[in-house]
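Undergrad: My questions all concern the structure below.
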Amino acid sequence: MMSSTMNLMWFRQDLRTFDNTAFAACCEHAQQNHAGVIGVVYLTPKQWQSHRKSLWQIDLILRQIRALEQSLSQLNIGIIIRVVDDFALQATDVLELCQQLSISHVFANLEYPVNEVARDQYIARQAQSLGIVTQWFDDSQVIAPQRIVTDKGMPYKVFTPFYKRWLAMIETADLTLSPTPAAMAINTTQVAKDSRNTNTNTNDYITIDAFYRAYLTPTPALDKQLNHVGKLAQLLYPAGEAAAQSRLDDFLKKHIADYNTARDVPALNNHLGATSRLSPYLAIGMLSPRLCYLKARQKLNSQQGLGSEKDIMRWISELAWRDFYYDVMVNRPDIVKGKAFLTPLDESVAWRYDLADFESWYQGKTGVPLVDAAMRCLNATGFMHNRLRMVVAMYLSKNLLIDWRWGEAYFMQHLVDGDFASNNGGWQWSASVGTDAQPYFRVMNPFSQAATHDPDASYIQYWVPELATVPANIINDEQKLQTYLTQHPHIAYPKLDTPTKVSRTMAIEAFKKPVK
């Protein structure tokens, strides 16, 4: 017999059972109060499309929901899958669901962007008026936003001191992991199926193709992306907590020891780079960031004196960068609305809005081999190596002087690991308008970057096959390449319209103009 009351676990960007703070608290409360636990997850197609969520990420979410459903069923927990257009309808639906199922407590992990915060505040108020208790938890970072402040209680604007305090706080925080709970005494799987069926828009096992056709507004660009997703997504980004944890363990065992140097070589790992490639799993909450930190720390402790400490700490610092950008977003909510951290500087730059140049950039047809290879990799796989994200972002925002927001949006539309805070932070850093950003006069030379990090041009030639017969020393030398292309007109690769040295000078002059 079903309990008269149940706890509702609202899964959001935390699609896992292991070390899920809200889920652990939800199950513990239910066990103590002889209640059932039922999960709910919302698919919000119009909101996702307005937020430019990529099909790569939507596909991973859909596949992970199916994996999560299987994991929860082993715990006697059902999960309700609902489709509503946006956050406003999400709020209405979850409150109605609570009343229909006699939910006494709602558990959820916090989301920090502006719209999500407003939604949760509304739900908390309405739930209280209905006698429903809502409990919210920090979960998506190693250290939650606004916990790390200066001695004067102010947020950090520079990463290095933030990182030092981040490390110090972790040492005293006694980080622990919440294990997957034991099976519940009350089985709610049938209740979940019955409740799901009341939403006629939701199929039990929806695919990305069906979801796209049913709920999203098709475009030729999305059709093309869907084709790539169908071919590669399950191979490149397998779903399931076990797959995510296996990728973490494999990285720590085989690759982290030389991470500090190998991380900058894009040709490694089948031309996807030697980074951990855990970011897609962190972005949708398949993997706990605390688990990543603690396992890396365990590896560090076992490697003392063996020469890989610097590599491990470099990777740990990437987790801190992720926390830092979330902290920036929470403290500066106007960033979510398109503002730059350094607003006066951003508004003083005469950004260009040249559609032809932008199209050449995102199609990988700029005439700069490393930029073109990176963009083609992104378009084909939903992923781009971290160093190359900086290179292509700086080329768009500096050499082409195109508004960095265009590039930021394009990345979100195509990245499997799209995460607003990290993506926005990276773009503002590259465009020199963000917190702790690169000085405006530092402009990466994409040819020098290629010569250093892809010296044999194997990455470039893989993604830009037009250059497969061109020697590497020519590909990675701007002047030699232009001469070679002139001498070999049959090579269907564009020549540069403006030399990078010239466009760099133009960018510096644009940033030098007095701030209004």
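Cβ atoms are placed via backbone N, Cα and C, with glycine included.
Just so you know, TrEMBL annotations never went through curation; they're auto-generated.
The following feature annotations were taken from TrEMBL:
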type: DOMAIN; residues: 5-142; note: domain 'Photolyase/cryptochrome alpha/beta'
type: BINDING; residues: Tyr259, 275-279, Trp315, 318-325, 417-419; note: FAD binding site
type: SITE; residues: Trp351; note: site 'Electron transfer via tryptophanyl radical'
type: SITE; residues: Trp404; note: site 'Electron transfer via tryptophanyl radical'
type: SITE; residues: Trp427; note: site 'Electron transfer via tryptophanyl radical'
Undergrad: For each of Trp351, Trp427, count the other CB atoms within 10 A of its CB; which of these recorded sites has the top count?
TA: Trp427
Undergrad: Given the recorded positions Tyr259, Trp315, Trp404, and counting only Cβ atoms in the protein chains shown, which has the most within 10 Å of its Cβ?
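TA: Of the recorded positions Tyr259, Trp315, Trp404, the most buried by Cβ count within 10 Å is Trp404.
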Undergrad: Where the distance is taken from Cα to Cα, which of the binding-site residues Arg277, Ala320, Asp323, Asp417 turns out closest to Trp351 (site 'Electron transfer via tryptophanyl radical')?
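TA: Comparing Cα positions, the candidate nearest Trp351 (site 'Electron transfer via tryptophanyl radical') turns out to be Asp417.
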Undergrad: Whole-number Å distance between the CA of Trp404 (site 'Electron transfer via tryptophanyl radical') and the CA of Tyr259 (FAD binding site)?
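TA: Cα to Cα, Trp404 (site 'Electron transfer via tryptophanyl radical') and Tyr259 (FAD binding site) are separated by 29 Å.
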Undergrad: For Ala320 (FAD binding site), just count the other CB atoms lying within 10 A of its CB, please.
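TA: So the Cβ neighbour count for Ala320 (FAD binding site) comes to 22.
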Undergrad: How many whole Å apart are the CA atoms of Trp315 (FAD binding site) and Trp427 (site 'Electron transfer via tryptophanyl radical')?
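TA: That separation, Cα to Cα, works out to 20 Å.
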Undergrad: Under DSSP, the domain 'Photolyase/cryptochrome alpha/beta' (5-142) has how many residues in helix, strand and coil?
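TA: Residue counts in helix, strand and coil order: 67 helix, 32 strand, 39 coil.
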Undergrad: Return only the integer: C-alpha distance in Å from Arg277 (FAD binding site) to Trp427 (site 'Electron transfer via tryptophanyl radical').
TA: 19
Undergrad: What are the sequence-distant neighbours of Asp417 (FAD binding site), meaning same chain, six or more residues apart, C-beta distance under 8 angstroms?
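TA: In sequence order, Gln57, Ser279, Pro280, Leu282, Ala283, Phe383 meet the Cβ cut-off.
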Undergrad: Between the Cα atoms of Trp427 (site 'Electron transfer via tryptophanyl radical') and Asp323 (FAD binding site), find the distance and write it as a whole number of Å.
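TA: Taking the Cα atoms only, Trp427 (site 'Electron transfer via tryptophanyl radical') lies 16 Å from Asp323 (FAD binding site).
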Undergrad: Which value does the mean pLDDT take for the domain 'Photolyase/cryptochrome alpha/beta' (5-142) in this predicted structure?
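TA: Within the domain 'Photolyase/cryptochrome alpha/beta' (5-142), the model's average pLDDT equals 96.
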Undergrad: Write out the long-range same-chain contacts of Asp323 (FAD binding site), meaning residues 6 or more apart in sequence whose Cβ is under 8 Å from its Cβ.
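TA: Same-chain residues close to Asp323 (FAD binding site) (Cβ under 8 Å, separated by 6 or more) are Gln141, Val142, Ile143, Pro145, Ile148, Trp166, Pro289.
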